[in-house]
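Asks: One structure, pasted below without further comment.
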Amino acid sequence: LRPELLRGNRTLVSTMALVGSLRKELAQSVSSCRVLVVGAGGIGCELLKNLVLTGFTNIDVIDLDTIDVSNLNRQFLFQKKHVGKSKAQVAKESVLQFSPKANITAYHDSIMNPDYNVEFFRNFVLVMNALDNRAARNHVNRMCLAADVPLIESGTAGYLGQVTVIKKGLTECYECQPKPTQKTFPGCTIRNTPSEPIHCIVWAKYLYNQLFGEEDADQEVSPDTADPEAAWDPAETAARAGASNQDGDIKRVSTKEWAKSTGYDPIKLFNKLFKDDIKYLLTMDKLWRKRKPPVPLDWNEVHNMESGGAQEGAPSAGLKDQQVLGLKSCAQLFSRSVETLRMQLAEKGDGAELVWDKDDPPAMDFVTAAANLRMHIFSMSTKSRFDVKSMAGNIIPAIATTNAVIAGLIVLEALKILSGSIDQCKTVFLNKQPNPRKKLLVPCALDPPNANCYVCASKPEVTVKLSVHKVTVLSLQDKILKEKFGMVAPDVQIEDGKGTILISSEEGETEGNNNKCLSEFGIRNGSRLQVDDFLQEYTLLVNILHCEDLEKDVEFEVVGDTPEKPPQSSAAEPGNNMANGSDDGAQPSTSKAPEQDDVLIVDSDEEPSSSAADVHAEGGGHKRKLDEPEGEAAAKRRRQEQPAADEDDDIIALD
């Protein structure tokens, strides 16, 4: 039902809510409670519409993203004229046409902004996630656990979907069970701020389609000028996004047409993609305040390098596909593959398109070369052709119907919570084919908290295996504490009897430590670190296990990483590899060979537990504080309790 169809009938609009079909007490709770919706994309649009039509009148919605033309086929609250505008704000305006009396507050911002602290979350009776990236979902779940507010988590991936409820002390948190490597990434990550090899491989596959295959607005490879993280000012973001638009009429420069105009000149393509576009990214200076900036490549400089073989120090023996090429060899491979693909395209005639196939040598050469050149630019270790081929997965499609079904299930779980019947809440999986009982929707009982969880245990503690002589303080902060353990602004104190501060979230206090190894601070085998994230009200004890013989390219391991529960023979795993959150920007990827997303069948209408389903309703964390020492750490906590207004803090874009 589109809001524009209702514009002439305000009476119909104002009486469409379903409160008449609810018990009086529940209807009152629905109309009076204040709820938070995090994300206004594929699931978020459907959910907001459902909420107001159910009778919810006090809704806050937050999303950092702006509307792209590629969203319009499934995010029905948006129209062409809205391209470049805030998703949250436009969603609010559209939903008000369904229910003009609703009180909706929209935030064009990141939920990870320190302004949205635990006190902010305590304003809500219920929080509903409609996100598409793991970092933000982890953060929201930790905030909900700290505030003791129920969270409804959801996710879609193609025809698969799931909804679950997380409640402090009653159910598993998101991080109670290990998750597979994330299989979707926001578009701005692919285009602007890749941090893993898979991001570069996805970009290279998109580039192949933009140059030689079917062009797709969802697979743009040029710098994303509307990246919300590059501008905290909503007006500035909208202005960037609409810089080349007139009244919503998008005028885009076709990558393929530009390449054709150059005759698919490999040198011009190289310099545009790996020099000019990278230089443009560097002008988006906010992106690089807390990231290492990329380094542009110039064809002539690379071509004039002395060595073009395998990487220095890499063994030359072994299968050809398993050798990691050097920078000059990658550039030469890029040039040769472009020439070959250009000829293949020309042979097919005007208007022809090539289809990427991992078993097609020129196509695989192109993706390998382009991905490795981009990895080098963004300071990542490059990969062999074999590795690139194994990591190049398929894009998960975005299905509007799946979003609609999941949004409906979210509201049903919300009504149970407001009825005081949280014990009746379920994890519900949407399968892409009926099970033996001809059911597409399979409910499972919620699992209790995992006593060994490093997030929601009473005293969270982990052991990390690493080399204290190789791992730097910056790696500890970024790769272990932020990336692995989902912290936003960690403070680290060494339990050495002196209370040595290793990492401070206060800017400038400990930056001089960043490039020093842990051993330089007396950290050795058996050392303990107390890590506090005062925003999340989360404390974690980290035990250091020194090890010099980790596998190649493995910087650290978490010992006994949250054990999986034993499989239940009668249950299967619906949606085992679900990529949670909205379908927006659903890009391929894992850093491992992609797994099949088929649903394993559950053999009954309801299962006793969702653990066998390996629930991935993102979020997670109990933030129980440990006893706090007096002094500097306590002072930091007091400072954190003050309202945070630093708009320059690092953010995670919600795509």
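For all residues, glycine too, the Cβ spot is worked out from N, Cα and C.
TrEMBL entries are annotated by machine, without manual review.
Annotation source TrEMBL lists active site, glycyl thioester intermediate at Cys188. The ATP binding site annotation in TrEMBL covers 39-44, Asp63, 71-74, Lys87, 110-111, 132-137. Taken from TrEMBL, the feature compositional bias 'Acidic residues' covers 596-608, 644-655. Per TrEMBL, the feature domain 'THIF-type NAD/FAD binding fold' maps to 21-453. The feature domain 'Ubiquitin/SUMO-activating enzyme ubiquitin-like' is assigned by TrEMBL to 464-551. Feature annotation from TrEMBL assigns domain 'SUMO-activating enzyme subunit 2 C-terminal' to 561-650. The region 'Disordered' annotation in TrEMBL covers 217-249, 560-655.
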Asks: I'd like to know which of the binding-site residues Gly39, Gly42 has the most other Cβ atoms within 10 Å of its Cβ.
Replies: Gly39
Asks: Asp63 (ATP binding site) has how many other Cβ neighbours within 10 Å of its own Cβ?
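Replies: Taking all protein chains shown, Asp63 (ATP binding site) has 32 Cβ neighbours within 10 Å.
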Asks: Out of these recorded positions, Ala136, Cys188, which one has the fewest other C-beta atoms within 10 Å of its own C-beta?
Replies: Cys188
Asks: Report, in whole Å, the straight Cα-to-Cα distance of Cys188 (active site, glycyl thioester intermediate) from Gly42 (ATP binding site).
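Replies: Taking the Cα atoms only, Gly42 (ATP binding site) lies 17 Å from Cys188 (active site, glycyl thioester intermediate).
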Asks: Find the one among the binding-site residues Gly39, Asn73, Asn133, Ala136 whose C-alpha lies closest to that of the residue listed as 'active site, glycyl thioester intermediate'.
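Replies: Its closest listed neighbour, by Cα, is Asn133.
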Asks: Would you count the other C-beta atoms found within 10 angstroms of the C-beta of Ser110 (ATP binding site) for me?
Replies: 25
Asks: Among all chains shown, work out which of the binding-site residues Asn73, Asn133 has the most CB atoms within 10 A of its CB.
Replies: Asn133
Asks: Sort the residues of the domain 'Ubiquitin/SUMO-activating enzyme ubiquitin-like' (464-551) into helix, strand and coil with DSSP and give the three counts.
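Replies: Counting residues per DSSP class in the domain 'Ubiquitin/SUMO-activating enzyme ubiquitin-like' (464-551), I get 19 helix, 28 strand, 41 coil.
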Asks: Take every residue in the domain 'Ubiquitin/SUMO-activating enzyme ubiquitin-like' (464-551), average their pLDDT values, and give the whole-number result.
Replies: 90
